[in-house]
Amino acid sequence: MTALFPFDNSFARLPDRFFARVAPTAVEAPRLVRLNRTLALDLGLDPDRLESPEGLDVLSGRRVAEGAEPLAAAYAGHQFGQFVPQLGDGRAILLGEVVGRDGRRRDIQLKGSGPTPFSRRGDGRAALGPVLREYLVSEAMHALGIPTTRALAAVTTGEPVIRETVLPGAVLTRVASSHIRVGSFQFFAARGDVEGLRALADHAIARHDPEAAEAENPYRALLEGVIRRQAELVARWLGIGFIHGVMNTDNMSIAGETIDYGPCAFLDAYDPATAFSSIDRHGRYAYGNQPRIALWNLTRLAEALLPLLSEDETKAVAEAEAALTGFAGLFEAAYHGLLNRKLGLTTMRDGDPALAGDLLKTMAENGADFTLTFRRLSAAAPGSGPAPEPEAVEAVRSLFIDPTSFDAWAERWRRRLDEEPGSAAGRKALMRSVNPAFIPRNHRVEAMIEAAVERQDFVPFETLLTVLSRPYDDQPDFAQFAEAPEGGGRGYRTFCGT
C-alpha cells in the first residue's frame, strides 16, 4: 500500500539548529469535523483514506505517518515592535512536505498537536473556535483569490484545553507553500550565525525564488521577491477589507501567503483606523496601517540579510535600501489597479487615485459598508447600454448617512466611465469579479463558532463554508449572509486564541 502522505522533505535536511525534532502528542478521542476533499485531491492524496481511522490517527497526531519527519521550526520575531530572540513553533509540528499534482511543494503541518521545546510553558494545544476560524477564513480567502495557507482538516481531540474557560480541543492540518517567516531569518541574524542565515536563504531561493540563483546578487533578488509578494498581498487584503490583526514579523510568510489567522477580521463599515484585535490596543495593525507595517517588517528582513547582501557593510545597506524603495511603487500599482477594477475602470488616468480615495473618504464619513458599497456599485454602473435601474442606484445611496454626498461623487464616476472602452455588460462582469457579495462577516463567524463550541452544532460551519466557497456569485438563497451587522460592526473584538 502506498503511503498516506507521499512525503518528500527538504526543510528537515537543514542543520539541526533550524528546528527541534518532536512528535505530536496523542489525543484521547479524535473526531473528524471536516476534511477538505478537494484540496486533498489537489495534493495527490486519497481523501477516503484520510477519512479512515488510519487517516484520523495521523490528522489528530495519534500516529506519525510513514515518511514524516516531525519537527518544530525555530524562529524569532518582532511582536508589536518588540524583538523576541526566540519564539518558534510552540503548538505546531511540521510533518513534512508533499508535491501536489500541480508540481508545487507544500508543507503539511499540525496546529494544536501538543507541546514542543518552543512552547514557553504553554500546553501546545488549540481550542476548537480558533481552529474553525482559521479553517473557514483561510478557505474563504482562497475562494476570494487571495494567496493564503490552506486548511486540509479540522479534528476535535476529545480533550479540554484551559484558556479563560474550559474549551474543547482541536487540531488543524494546515497546508502552506512553506512556513519560512521573516522571523526565521531574524533568528539566525540575532545570533550572528551567518552560515545558518546563508543556508536558510539558499533553501528559500531554491523553494520560492529559483530564478534568483542566477541573479548578480541572489540574496538581493530573494529580498526583492519577498517585497514584491508582500506588496501585492497587502494590496489585495485592502481590496476585500481584510484586517490581519497581528502582523508581527513571525507572522509574515516569505512565500507571500496570508498566514496565522488568530485575531483576523473584516471591515463592515469602512474606517481605515479599524483594529479589531483585543491585544492591538494602540491600533498598530489597523486596516489602514497594514501597508506601512508590511514595509516595516520587510525592513527587518533586509536588516537580517545584510551579511549576505555584501561583505562591505556600506554596500550591504545600499543594496537593502535600494530593494526596499521598490515597495511603495509595487504596492501603489497593485492597490490602485485593484481599486480601478473595483470601479469598473480598465485603464489608468492621473485622477483615478483621487477618485477612488474620495469614495473611500465619503464612505468613512457616512458609515457605509465596505463590501456592500462596492458590490452594489457593480449593479449601478452606467455604460453605453441602458441606464442602470433606479433601484440599483438607490441601493448604493441607502448605505450612506447623507446620500447626496454619494451623488456628488457618483457624477464624477459616471464622467470617468464615459472615457472607458468596452460595454456596460463587460464592465459589470469585471466589477462583479473583484467585488465579492460574500465575505466572512465577523458576526456570522462568531455565531458559527458559538454553535460549534457551545452546542456541538457544526451545521452553521458547513453552511458558511459552502456560501463562502462562491463569494462572487449572488446566491439568493443565502442573501442573509451578505448583510451587514447592525451598527456597522463597531465594538467587535477578536482574540488570538493561543
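We count from 1, first residue shown onward.
Glycine residues also receive a Cβ, built from the backbone N, Cα and C atoms like all the rest.
Just so it is clear, the model here is predicted, and its values are computed rather than measured.
Together with Gly88, Gly90, Arg91, Lys111, Asp123, Gly124, Arg174, Arg181, the ATP site in Swiss-Prot holds one more listed residue from Asp8, Asp16, Asp260, which is Asp260. Candidates Gly88, Arg91, Arg174, Asp260 (binding-site residues) were compared with Asn251 (Mg(2+) binding site); those inside 10 Å Cα-Cα are Asp260. Within 10 Å of the C-beta atom of Asn251 (Mg(2+) binding site) sit 21 other C-beta atoms, taking all shown protein chains into account.
Largest Cα-Cα distance over the residues recorded as binding ATP, namely Gly88, Gly90, Arg91, Lys111, Asp123, Gly124, Arg174, Arg181, Asp260, equals 23 Å. All protein chains included, Gly88 (ATP binding site) registers 22 other Cβ atoms within 10 Å of its own Cβ. Comparing Cβ neighbour counts within 10 Å across the binding-site residues Arg91, Arg174, the minimum falls on Arg91.
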